[in-house]
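Quick look at what TrEMBL lists:
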{"type": "BINDING", "residues": "Arg386", "note": "substrate binding site"}
{"type": "DOMAIN", "residues": "167-402", "note": "domain 'Aminotransferase class V'"}
{"type": "MOD_RES", "residues": "Lys235", "note": "N6-(pyridoxal phosphate)lysine"}
Amino acid sequence: MASNLLHVLPPKGLLQPLAVPERLLLGPGPSNVPPRILAAGGRQLLGPMHPEVLQVMDDIKVGIQYAFQTQNQLTLAISGSGHCAIEAALLNLVEHGDPVLVAVNGIWGQRAADIARRLGASVHELLKPPGEYFTPWDIEEVSAGHGAGPWVQAGPGVSHLPLCFTQGLIRHKPSVLFITHGESSTGVLQPLEGLGKLCHRHGCLLLVDAVASLGGAPIFMDQQEIDILYSGSQKVLNAPPGSAPISFSERARKKILRRKTKPPSFYLDMHWLANYWGCDGEPRRYHHTAPINSFFSLREGLAMLAELGLENSWEHHRVNCAQLCQGLRDLGLELFVKEEVTRLPTITTVRVPEGYNWKEIIAFLTDNYAIDISGGLGPSEGKVLRIGLMGCNSTSRNVDRVLHALQDALRCCHHSKL
């Protein structure tokens, strides 16, 4: 008789076994998860306040400090992806009306600006075409509010005008500058040297996105005077997505403490998270049920990075990226980022060959070689192919595999020429 009460039947799909294809993930992320990290994530659960879990969290903290090269006490992992870390950084730092400057040369600057606007910030954008990077001069012109040359935008519906015509939009110094170290949508590695010192000279905090670059390119949080730095678990660290390393300098921590209003999110409130992660010197209190198995995986990803050594990891990614870039040139493909020093070692972008359908090239690699690469994203959509070599996926053998597959695709996809 109870069955007559059910109007929704068991879904047929859920009555079938789970099917997940085996593919070599050479796109912009996530990366393939090595057996050691898979095994860690498959451990039996414990509660969020069990001492063994708190010890894992302590291991993660020191691992992040090593990976970031920082001694910041306020260092932890957000229970969420890299997007969640952007939100956590901005909503803890920014209050309604605060001026925020966002360096936009790809999708991550665009999204940071969107998030800041949703928080009620007064957002100004410093724009560069996809594939280009920012110089300290570019940043200082906007931060100081004078001069001409860079192009800015102050919000939806405002035209992109030369700075000399829009000085009124930036007459107040920004409280925060957002910039992306590894712009995964375009393949740009943003030089950071001098930006922290420059920001502090103008009373501004430097917020850096290192989701795609951490472990694959040098970054020195303390030495480069970065105030807020965050990354993700699923790229060079080779862990599943769902946890995001983040760290705040003492300057940033004090700004959070000086807030006039509470952060608009309880889940991402850094006062609560700092306590749960043991960053405030107080007895730890339950805040939320953390993704415990994701923390197990992140812990092992950081352990593997520590065992390899940061400098070895940076060199490893540099060498394999150089091999890939040369191989792509040998195939007649054009690299999207012109200057070698500003090419992101973890994600290489090439222009879609003229007359070819980029979707068919990607599908050919998937169908014939079980290799996943990706097209462009945001401002690079339809313009580039993105090939990722991150963490354990960054090997000379994988470079050879993807180059061979691309060579075959360029030969066999002639029917898709326009």
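Cβ atoms are placed via backbone N, Cα and C, with glycine included.
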Number of other Cβ atoms within 10 Å of the Cβ of the residue listed as 'N6-(pyridoxal phosphate)lysine' across all protein chains: 30
Intrachain C-beta neighbours of Arg386 (substrate binding site), sequence separation six or more, cut-off 8 angstroms: Gly27, Pro28, Ser184, Ser185, Gly187, Ile347, Thr348, Thr349, Ile373, Ser374, Gly375, Gly376, Leu377, Ser380
PLDDT averaged over the residues of the domain 'Aminotransferase class V' (167-402): 95
